[in-house]
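J.: Starting off with a structure, shown below.
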Amino acid sequence: MNILTDFRTHRPATLADAVNALAAEATLPLGAGTDLLPNLRRGLGHPAALVDLTGIDGLATISTLADGSLRIGAGATLEAIAEHDAIRTTWPALAQAAESVAGPTHRAAATLGGNLCQDTRCTFYNQSEWWRSGNGYCLKYKGDKCHVIVKSDRCYATYHGDVAPALMVLDARAEIVGPAGKRTVPVAQLFRESGAEHLTLEKGELLAAIEVPPTGAWSAAYSKVRIRDAVDFPLAGVAAALQRDGDRIAGLRVAITGSNSAPLMVPVDALLGGNWDDAAAETLAQLVRKTSNVLRTTITGVKYRRRVLLAISRKVVDQLWEAR
């Protein structure tokens, strides 16, 4: 891994100052840097400046609000989220997702904002400079073709974040600040299906906080599969939230990660009102298969990753159904 190239560092004290600093060209936000800095060492980007967000007061705060909702600053560490008593009790899917990221050392530093906004990944992209140059680079960075689908005019690098799908099924919203002020969007709207430009943040915008509503009658869980449990990104990850009314599915949300260029909600309206049985599980598998787009973006085979995604989709809903 190469040494870092030269860049300036700004350390603003307020969100407003951070937004102003990010308005400059070739400037990137920096949280803990557990994803960004290794990529820069590989030559994946050459920013003129990094805006260090760790000095902004209150950005790491986790609090429950008067209406029972949860507010998490984008600077909160994954360790703090995973170990927070209220989150473990009321929003366990979020704690599960945070606790499943990488290893303990990573979680002690890595932030919520960084995990949500992490770069997409691909076996043709996450390589050294000499490896990529010998392969003619790729459409995501410096090249003119996607090696995953050669004739495509878009990048198919895959999003592998764990926390996003959990927040999506919990109906969480993202608070974004930027030159035009503040806006709030559903977490799913932070992303688009484009490996090269998977975030919808505009120039100068940054993620400030996440708000999660009270769970009410919903229960939720997150599960993933990876090669090495200690550190690896998910080959496939699934979050689900369920409302059960007797033997009837009163509400269901399912979100997937590790399969597409963005974490995606699976349209599951066809299952509402029915029982959760083998037929329903097969319907869910078909819906997940239709939503997902597993390609050769990792060294693990496509067929295996697809089978794992379908299997854990059923597993998560099975667990929620049996627990209610």
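From the backbone N, Cα and C atoms, a Cβ is placed for every residue, glycine too.
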J.: Given that Swiss-Prot assigns Pro29, Leu30, Gly31, Ala32, Gly33, Thr34, Asp35, Leu36, Thr111, Asn115, Gln118, Asp162 to the FAD site, pick the one from Lys140, Lys203, Lys224, Lys290 that the record assigns to that site as well.
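T.: Site partner of Pro29, Leu30, Gly31, Ala32, Gly33, Thr34, Asp35, Leu36, Thr111, Asn115, Gln118, Asp162 for FAD, according to Swiss-Prot: Lys224.
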J.: To what whole number does the mean pLDDT across the domain 'FAD-binding PCMH-type' (2-217) round?
T.: 97
J.: Tally every other Cβ atom lying within 10 Å of the Cβ atom of Thr111 (FAD binding site).
T.: 27
J.: Check the Cα-Cα distances from Thr111 (FAD binding site) to the binding-site residues Cys122, Cys138, Cys146, Cys155 and tell me which is shortest.
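T.: Answer for the nearest of the binding-site residues: Cys122.
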J.: Between the Cα atoms of Pro29 (FAD binding site) and Cys155 ([4Fe-4S] cluster binding site), find the distance and write it as a whole number of Å.
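T.: That comes out at 23 Å between the alpha carbons.
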J.: Once the chains shown are all counted, how many other Cβ atoms turn up within 10 Å of the Cβ of Gln118 (FAD binding site)?
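T.: So the number of other Cβ atoms within 10 Å of Gln118 (FAD binding site) is 24.
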